[in-house]
Amino acid sequence: MAHSQNSLELPININATQITTAYGHRALPKLKEELQSEDLQTRQKALMALCDLMHDPECIYKAMNIGCMENLKALLKDSNSMVRIKTTEVLHITASHSVGRYAFLEHDIVLALSFLLNDPSPVCRGNLYKAYMQLVQVPRGAQEIISKGLISSLVWKLQVEVEEEEFQEFILDTLVLCLQEDATEALGSNVVLVLKQKLLSANQNIRSKAARALLNVSISREGKKQVCHFDVIPILVHLLKDPVEHVKSNAAGALMFATVITEGKYAALEAQAIGLLLELLHSPMTIARLNATKALTMLAEAPEGRKALQTHVPTFRAMEVETYEKPQVAEALQRAARIAISVIEFKP
């Protein structure tokens with residue numbers, strides 16, 4: 001005959017870290033209370049529940065309205081590493097939504113997060129980098145990071161996170177969009193030297209993102225001068241032979257800006273850039289062809305470059321009449337080809 005017996009063990013399918021959330025509209029207010037609990041396990045469980053809820057933009061909006069963001073800011077200073085990890089996870093999920101990015105800006109989360117840049121937990125730092133990467137997808141987010149003076153810190157972290165290549169990618173993604181807004185602080189933080197080192201990475205994503213960052217650095221005159229001064233151009237030219245199309249495209253884009261100044265033109269000519277850029281005109285990537293055309297146009301402004309490109313005018317004439325599926329792509333490439341021809345055929 002069977003006997004009933006109460007076990008002292010939890011059922012095998014019960015997760016002790018999960019919290020029972022209140023029903024309906026009471027769920028978030030209840031979690032807000034538990035985020036402020038003095039009991040460590042209660043705080044941890046509330047954060048785990050929030051990690052699930054914050055995938056819903058409506059929940060982010062409600063959480064922001066009842067003051068959860070201030071509670072999360074406070075938990076970034078918690079002495080328990082798991083609390084900090086789960087708090088940064090909630091925040092990076094939040095930053096992946098437009099309403100969440102607005103919450104970041106409204107509640108000054110960017111600066112609060114920055115105090116964890118040197119957190120001993122790599123998971124915590126990884127969540128932080130992902131949150132910043134999500135935030136800069138809008139110009140206001142990039143401007144916020146710049147205004148808080150965090151660019152130099154991110155440049156430094158790009159150097160020291162050598163064991164975590166994924167973290168380097170997150171930081172580079174963040175820097176690319178920040179540099180597009182303003183490269184002043186970065187240029188004062190040796191960003192060109194740091195990016196030069198990353199161009200030599202064995203990781204193709206890091207090489208590509210570093211070249212893209214240098215493209216944005218080179219928009220300003222000071223950036224162009226530093227790229228020339230630190231001998232970055234020969235490395236960019238070498239990357240035109242990279243097996244990865246994105247790397248070649250971004251390297252050509254960086255050269256396109258760096259060769260605007262005379263020093264850049266002659267550095268690229270000395271590095272034999274013309275032949276490699278001409279090969280890139282046949283790339284399957286439209287942006288690579290456009291970048292290469294514009295870079296060659298810059299080199300044609302130098303007498304030596306113009307002379308070397310004289311025999312390649314038919315290539316550009318073919319681009320002028322080439323058809324593409326997208327009208328805007330056709331217009332951009334055809335216009336770039338026309339300008340290249342006019343510069344190459346210019347008679348001083």
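Cβ coordinates come from backbone N, Cα and C, glycine included.
Since we're looking at a predicted model, the values are computed, not measured.
Annotation source Swiss-Prot lists repeat 'ARM 1' at 16-55.
The list of residues near the repeat 'ARM 2' (57-96) in space but at least 6 beyond its ends in sequence, with Cβ under 8 angstroms from a Cβ of it, reads 28-29, 31-32, 35-36, 40, 43-44, 47-48, 50-51, 102-104, 106-109, 112-113, 115-116, 119-121, 123-124, 127-128, 130-132, 134-135. What Swiss-Prot lists as repeat 'ARM 2' is 57-96, and the listing cites sequence analysis.
Residue counts for the repeat 'ARM 3' (99-137) under DSSP, split into helix (H, G, I), strand (E, B) and coil, are 28 helix, 0 strand, 11 coil. Residues or ranges marked as repeat 'ARM 3' by Swiss-Prot on the basis of sequence analysis: 99-137.
For the repeat 'ARM 4' (139-179), the residues of the chain that approach it from at least six positions outside its boundaries are 101, 104-105, 110-111, 114, 117, 122, 125-126, 129-130, 132-133, 185-186, 188-191, 194, 197-198, 201, 203, 205-206, 209-210, 212-213, 216-217, judged by C-beta separation under 8 angstroms. The feature repeat 'ARM 4' is assigned by Swiss-Prot to 139-179, with sequence analysis given as support.
Note on the repeat 'ARM 5' (180-219): residues 139, 142-143, 146, 149, 151-152, 155-156, 158-159, 165, 168-169, 172-173, 226-227, 230-232, 235-236, 239, 242, 244, 246-247, 250-251, 253-254, 256-258 of its chain, located 6 or more positions outside it, place their CB under 8 angstroms from a CB of the stretch. Positions annotated as repeat 'ARM 5' by Swiss-Prot: 180-219.
Note on the repeat 'ARM 6' (221-260): DSSP counts are 30 helix, 0 strand, 10 coil. For 221-260, the entry in Swiss-Prot reads repeat 'ARM 6'.
Residues or ranges marked as repeat 'ARM 7' by Swiss-Prot on the basis of sequence analysis: 262-301. Confidence over the repeat 'ARM 7' (262-301), given as mean pLDDT on the 0 to 100 scale, stands at 97.
Beyond the ends of the repeat 'ARM 8' (303-346), by six or more residues, the same chain brings 265, 269, 274, 278, 281, 286, 289-290, 293-294, 296-297 to within a C-beta distance below 8 angstroms of the stretch. Annotation comment: Swiss-Prot describes 303-346 as repeat 'ARM 8', evidence class sequence analysis.
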Beyond a gap of at least 6 residues from its ends, the CB atoms lying under 8 Å from the repeat 'ARM 7' (262-301) belong to 224-225, 227-228, 231, 233-234, 237-238, 240-241, 245-246, 248-250, 252-253, 255-256, 308-309, 312, 315-316, 319, 324, 329, 332-333, 336-337, 339-340, 343-344
